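*Asks:* Sharing a structure here in structure tokens format.
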Amino acid sequence: MIGAKTRVAIVGGIGYIGSCFASFIKEQNDKLIVTVIDNNKNNHVIKLLKKIGIEFYFADLLDRHKLTEVIAAIQPDVVFHFAAKTSVSESVHNPLKYFDCNVIGTLNLISAISNLQKPIKLFFASSAAVYGQTTNSYISEEIVITETQATNPYGLSKFLDELILNAVAKNSQLQVVCLRFFNVAGAILPFGNFNGNTTLLIPNLVKAFLKQTPFFLYGNDYATKDGSCIRDYIHVYDICNAHFLLWKWLNDHRQIKFETFNLGSGIGTSNLEVIDIAKKVFYPSRLNLEIRPKRSWDPAILVANVAKAKQTFQFKITRNLKDMISDERNFYENFYNDAY
């Protein structure tokens, strides 16, 4: 049972997944006291959130003093931590930026939460990138991960965060759940991915169809069925619902100190298969596809084994890849430009 007056802090709540989640939980329980913390001053998203009764605090994870002040003012019972640098390619070229924001920033948040000296549930947005290159077709949480597996600094930063959170949770009043996201797509309208520089495949594919600009496919010579990367896609709605289900599950399992779960569909789809589905959504529009060399930091296959989530908190997928692409199209055609 989730109390009506529970105080919720969503860190990184102006971003894509954070803002969708803020909207989702207010829809589930309008009595929750929800506050968003972010260093992004996207006024359009802030206005959308305020319309549904969500407050906004400006704070940067790297400003430890300000972050501590904000957390103390909110006094959250539950914290959802979505804030991070997330571009794999940028992390390869600027690893220090990623360790600074994702690792030091998370440490600062843990410190601010710990200062409250009360029981707090912390849900951390991790990533499938922690698994790096693996020979397993369906990746389970039981796989032993080491720092040498990560194929990029982004994945390594998330792995280090998980290690830190596990160590802290053992001797604190925190209950921590790390959620390893696979490839998130779709929208919960009017919220979606307002990041104009996103590196995610589906938003860029949708924009290429709408604007009739080139779409770059990196690699068609992987050891896969059609030569392109295989990934696991999950709708942002199902990501949000999984967090809500897990929150209710954790309320009934107060002895749990630390857990990890994969969040994906459990279905592998190649980049070329994604393009084929998008062609059907956008028919008769054509795609200007350009093949570029594969990138060294991209694993050939990343697909989730989601058996643990299904068995533990009845996780299920409600939307498919066509839904994700259609929702992204609706978002970019009817809502995206409102922010600019």
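FYI, residue positions are counted from 1 along the chain as it appears here.
Note: Cβ is positioned from N, Cα and C throughout, glycine not excepted.
Note that the structure is predicted; figures quoted are calculated from it, not measured.
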*Asks:* In Swiss-Prot, the residues Tyr154, Asn183, Thr199, Leu200, Phe216, Leu217, Tyr218, Arg231, Arg295, Ser296, Trp297, Asp298 are said to bind substrate. Which of Ser127, Ser137, Ser140, Ser172 is said to bind at that same site?
*Replies:* Ser127
*Asks:* Restricting to the chain of Phe182 (NAD(+) binding site) and a gap of 6 or more, list residues whose Cβ falls under 8 Å of its Cβ, or answer none.
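*Replies:* Set apart from Phe182 (NAD(+) binding site) by at least 6 residues yet with Cβ under 8 Å, we have Ala128, Arg231, Asp232, Tyr233, Ile234, Asn262, Leu263, Gly264, Ser265, Leu302, Val303, Ala304.
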*Asks:* Can you check what DSSP calls Tyr16 (NAD(+) binding site), collapsed to helix, strand or coil?
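*Replies:* Going by the DSSP assignment, Tyr16 (NAD(+) binding site) falls within a helical segment, counted as helix.
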*Asks:* Whole-number Å only: compute the distance from the Cα of Tyr16 (NAD(+) binding site) to the Cα of Ser296 (substrate binding site).
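*Replies:* So the Cα of Ser296 (substrate binding site) lies 27 Å away from that of Tyr16 (NAD(+) binding site).
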*Asks:* Between Asp38 (NAD(+) binding site) and Tyr154 (active site, proton acceptor), find the distance joining the two CA atoms and give it rounded to the nearest Å.
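*Replies:* If we compare the Cα positions of Asp38 (NAD(+) binding site) and Tyr154 (active site, proton acceptor), the gap is 20 Å.
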*Asks:* Can you figure out which of Ala84, Leu200, Leu217, Ser296, Asp298 (the binding-site residues) comes closest in space to Tyr154 (active site, proton acceptor), comparing Cα atoms?
*Replies:* Ala84
